[in-house]
Amino acid sequence: MGAAARSLRLALGLLLLATLLRPADACSCSPVHPQQAFCNADVVIRAKAVSEKEVDSGNDIYGNPIKRIQYEIKQIKMFKGPDKDIEFIYTAPSSAVCGVSLDVGGKKEYLIAGKAEGDGKMHITLCDFIVPWDTLSITQKKSLNHRYQMGCECKITRCPMIPCYISSPDECLWMDWVTEKSINGHQAKFFACIKRSDGSCAWYRGAAPPKQEFLDIEDP
């Protein structure tokens, strides 16, 4: 076999490998603070998944049916969203394309943030904030009622390594990855980035609503 033929076979092999790996690479998400997840979502609910089934959701450009997983849910509480309760949640059929797997049977409670689809439906992906309810801190649970919403005009900037800086007064530096090597660290569990009366934003700690003027860090 000549050098040209070997080069062609190698190129075709690499192309095939890239094609096979592409679906897994398609689901890539940047970590977000729980407050950012709340602010970015159309719908935020506490719910249980009762049942699941695969359904058709139209066709792709080639006429092939698009499959999705439909979860029938029992909504326990809505923190953000439409007036109508959410009855069904949809997601992609595989984690390779950002599909989410929920335990069904109505025993496990979740906090679920995602995009509204109207008429009691929403769509979720692995890039959305979906966690078991019992893993949230008490502060996080209470912040869902009002405090996260108060900070939606602020910008939370993740610090991947030292040094890192804010570029405007309405930013809060999220340091969990640097200080704890975790995106579920102290700031994620116990702090919210809230706008102050002078228009700047700062981290606030505590379950009670912030005072009109507050320090960067307050104890509960």
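Sequential numbering from 1, following the chain as shown.
Backbone N, Cα and C atoms are what each Cβ position is placed from, and that goes for glycine too.
Under the DSSP three-state reduction, Cys27 (disulfide bond) is assigned to coil, being neither helix nor strand. Residues near Cys27 (disulfide bond) in space but far in sequence (CB under 8 A, at least 6 apart, same chain), listed by position: Ser95, Ala96, Val97, Cys98, Thr125, Leu126, Cys127. Per Swiss-Prot, disulfide bond is recorded for Cys27-Cys98 (among others), and the stated evidence type is sequence analysis.
Every protein chain considered, the tally of other Cβ atoms within 10 Å of the Cβ of Cys29 (disulfide bond) stands at 10. The annotation disulfide bond is assigned in Swiss-Prot to Cys29-Cys127 (among others).
Marked as disulfide bond by Swiss-Prot on the basis of sequence analysis: Cys39-Cys152 (among others). Sequence-distant neighbours of Cys39 (disulfide bond) (same chain, 6+ residues apart, CB-CB distance under 8 A): Tyr148, Gln149, Gly151, Cys152. Cys39 (disulfide bond) carries a helical DSSP state (H, G or I).
Note on Cys201 (disulfide bond): other Cβ atoms within 10 Å of its Cβ, all shown chains, come to 22. Sequence annotations record features per position, and here Swiss-Prot assigns disulfide bond to Cys154-Cys201 (among others).
The DSSP secondary structure for Cys159 (disulfide bond) is coil. Here Cys159 (disulfide bond) comes close to Leu173, Trp174, Met175, Trp177, Val178: these same-chain residues lie at least six apart in sequence, with C-beta atoms under 8 angstroms from its C-beta. The disulfide bond feature in Swiss-Prot is assigned to Cys159-Cys164 (among others).
Following the DSSP three-state reduction, the secondary structure of Cys172 (disulfide bond) is strand. Its Cβ taken as reference, Cys172 (disulfide bond) is surrounded by 24 other Cβ atoms within 10 Å in the chains shown. Per Swiss-Prot, disulfide bond is recorded for Cys172-Cys193 (among others).
Taken from Swiss-Prot, the feature domain 'NTR' applies to 27-152.
Per Swiss-Prot, region 'Involved in metalloproteinase-binding' is recorded for 27-30, and the stated evidence type is similarity to another entry.
Taken from Swiss-Prot, the feature signal peptide covers 1-26.
Marked as site 'Involved in metalloproteinase-binding' by Swiss-Prot on the basis of similarity to another entry: Asn40 (among others).
The secondary structure of Ile61 (site 'Involved in metalloproteinase-binding'), as reduced to three states from DSSP, is coil rather than helix or strand. The annotation site 'Involved in metalloproteinase-binding' is assigned in Swiss-Prot to Ile61 (among others) on the grounds of similarity to another entry.
A 10 Å cutoff on Cβ-Cβ distances gives Lys67 (site 'Involved in metalloproteinase-binding') a total of 13 other Cβ atoms nearby, all chains included. What Swiss-Prot records for Lys67 (among others) is site 'Involved in metalloproteinase-binding'.
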Lowest local Cβ density among Cys154, Cys164, which the record lists as disulfide-bonded residues, within 10 Å: Cys164
Within the predicted model, mean pLDDT of the region 'Involved in metalloproteinase-binding' (27-30): 87
Integer Å distance between the CA atoms belonging to Cys29 (disulfide bond) and Lys67 (site 'Involved in metalloproteinase-binding'): 22
Asn40 (site 'Involved in metalloproteinase-binding') and Cys201 (disulfide bond), Cα-Cα, nearest whole angstrom: 18
Cβ neighbours of Asn40 (site 'Involved in metalloproteinase-binding') where a neighbour is any other Cβ within 10 Å: 16
Subset of recorded positions (Cys29, Asn40, Ile61, Cys154) lying within 10 A of Cys172 (disulfide bond), CA to CA, in sequence order: Cys154
